[in-house]
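Engineer: Just dropping this structure here.
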Amino acid sequence: MHRYKEEASSLIKLATPVLIASVAQTGMGFVDTVMAGGVSATDMAAVSVASSIWLPSILFGIGLLMALVPVVAQLNGSARREKIPFEIQQGVVLALLISIPIIGVLLQTQFILQLMDVEAVMAGKTVGYIHAVIFAVPAFLLFQTLRSFTDGMSLTKPAMVIGFIGLLLNIPLNWIFVYGKFGAPELGGVGCGVATTIVYWVMFALLLAYVMTSSRLKSINVFGEYHKPQWKAQVRLFKLGFPVAAALFFEVTLFAVVALLVSPLGPIIVAAHQVAINFSSLVFMLPMSVGAAVSIRVGHRLGEENVDGARVASRVGIMVGLALATITAIITVLSRELIAELYTNNPEVISLAMQLLLFAAVYQCTDAVQVIAAGALRGYKDMRAIFNRTFIAYWILGLPTGYILGRTDWIVEPMGAQGFWLGFIIGLTAAALMLGVRLRWMHRQEPDVQLNFSLQ
C-alpha cells in the first residue's frame, strides 16, 4: 500500500504542472476569442473557424514529437543519458521537416473555406489569421521537442512556467495588434494570429535558454556536440510517433466533424452543443495531465528494468484518474444549470445544455480510463495498439452510431444532438475497454517481453 501512496504522490507532482500548462494554453485561446469578439462578431467567428483548421494540423505534429517523451524517460531511467542529445537533435530535425507539410495544409485554408461556403468577409479574416500563424508552426514544434525532453526528464515545471509567461505576453500583444496600439496596424482577428506567432517564438527561446543553462540538465549538455541528421533515426521516430499523432487527430477530428454535423440542426442546438463540449474539454485536462505523467513514470521505470514499478505506475494512474473523474462527474450533474448559465442567458440553450452535460458526466470516467491507459501504453512504446483501437472506437463505432441516432430514423426517431452524445459515450467507452484490455495484456507478459516492447 505504501508503494501505491508514493506512486500517487509522484504522479500528482508530475501531473500538476502539465495541467497548469494546459490551462495556460487554453487561456491563450480564450484571450484570442474575447479580444477578437471586442472588434466584431465576424472577427470572433473567423478566429474560431481558423482554430478548427489550425488545431488538428498542429496537433498531428505534436503527436509525432510526443514519442520523444518515453524515449528520454527510458534513457534517463537506464542511466544512458549520454544518448539523449542524439535523440533530441534528431527530434529538432523532425520538427523542422514536419513543419513543411503542416504549413502546406494551412496554405489550403482558402480552398477549405470555399468548400464550406463560408461568407466572404469572414473567410478573408480567417485566411489572414492562418497566414499570420503559419510562421508559428516551426516555433511551436521546436518548443514541443524541447518540452518532450524536459518532460521525459521528469521536469514538468519549466513548460508550466513558460506557458504562463506566454499567456501573460499574449494579452498585451493581442491588444496591440488587434486594436492597433503603439503605431501597429489595427488588424482585428488577424492580429491574434500575429500575437500567437510572436508568443510561440518567445516560448521556444525561453525553453531553449532553460535547457542550455539549467544546472539539472548540465550533465546532458544536449547541444554540446553536433549530431548529424540520420535517416534511420528520423524514420524510427516517425514510426514511433505516427500512431500517437493519428490517434490525436482521430479524436480531435471526431469532435470537429460532429460539430459540423450538428450545425444544420439550428443555432439553439449548436450553442448548447458548444457549451457542453467546451466544459467537457476543460474537465478532460485533468485525466489528460495524469496520462502524460503516467507515460513519464512508466517509461522511467522500464528504463530501470523495473517492470513491477511500471505496472504500479499504470494502475495508480488509472485509480487517480477514476477518482478525479468521479468527483468531476458528480459536480457536473449537481451544477449543470450553473455551468450552462456561465456561458449563456438563453433559457432554451441552458435547458438543452443541461441535458447534454448529463451525457458529459456519464463518459468522464471512461474518458479518464482511455486517456490514462493510452499514456501508460506510450510509456511501453506500444504505439500501434493506441492507433488501432482509437480508430475503431471513434470512427467505426462512435461517429457512425452518433450519426445514425442523431440524424436518421434507422433505429429510433432522429435524436438530434443527444444522439451524437450517445455516440461519444459509445466511442469513448469502447476506447477505454480496448486500451484497458491491451494494458492488462501487457502487464501479464513476461518481464523480457515488456522490456523488449520498450526497446523499439
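From the backbone N, Cα and C atoms, a Cβ is placed for every residue, glycine too.
From Swiss-Prot, here are the annotated features:
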| type | residues | note |
| --- | --- | --- |
| TRANSMEM | 11-31 | transmembrane segment |
| TRANSMEM | 53-73 | transmembrane segment |
| TRANSMEM | 92-112 | transmembrane segment |
| TRANSMEM | 126-146 | transmembrane segment |
| TRANSMEM | 159-179 | transmembrane segment |
| TRANSMEM | 189-209 | transmembrane segment |
| TRANSMEM | 242-262 | transmembrane segment |
| TRANSMEM | 268-288 | transmembrane segment |
| TRANSMEM | 314-334 | transmembrane segment |
| TRANSMEM | 356-376 | transmembrane segment |
| TRANSMEM | 385-405 | transmembrane segment |
| TRANSMEM | 417-437 | transmembrane segment |
Engineer: Between the stretches 11-31, 92-112, 189-209, 268-288, which wins on the count of C-beta pairs under 8 angstroms to the transmembrane segment (126-146)?
Structural biologist: 189-209
Engineer: Have the transmembrane segment (159-179) and the transmembrane segment (189-209) got at least three CB pairs under 8 Å, pairs 6 or more apart in sequence?
Structural biologist: yes
Engineer: With pairs closer than 6 in sequence left out, are the transmembrane segment (356-376) and the transmembrane segment (53-73) joined by 3 or more CB pairs under 8 Å?
Structural biologist: no
Engineer: Which sequence-distant residues neighbour the transmembrane segment (11-31)? Criterion: at least 6 residues beyond either end, Cβ under 8 Å.
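Structural biologist: The answer is 51, 151, 154, 156-157, 159-160, 163-164, 166-167, 170-171, 174, 196, 199, 281-282, 285-286, 288-290, 292-294, 296-297, 313, 316-317, 320.
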Engineer: Give the nonlocal contacts of the transmembrane segment (242-262) in its own chain as ranges (CB under 8 Å, at least six residues past its ends).
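Structural biologist: Same-chain contacts beyond the flanks: 52, 55-56, 59-64, 66-67, 269-270, 273-274, 277, 374, 378, 383-384, 386-388, 390-391, 394-395, 398-399, 402-403, 406-407, 416-417, 420, 423-424, 427.
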Engineer: Against the transmembrane segment (417-437), which of these stretches has the most C-beta pairs under 8 Å: 189-209, 356-376, 385-405?
Structural biologist: 385-405
Engineer: Who are the chain neighbours of the transmembrane segment (92-112) in space, where the CB to CB distance is under 8 Å and they lie at least 6 residues beyond its ends?
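Structural biologist: For the transmembrane segment (92-112), the far contacts come to 50, 53-54, 57-58, 60-61, 64-65, 123, 126-127, 130, 133-134, 137-138, 141-142, 144-145, 229, 234, 237-238.
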Engineer: Below 8 angstroms Cβ to Cβ, which residues of this chain, lying six or more residues outside the transmembrane segment (385-405), approach it?
Structural biologist: 242-244, 246-247, 250-251, 254, 257-258, 261, 370, 374, 377-378, 411-412, 414-415, 418-424, 426-428, 430-431, 434-435, 438
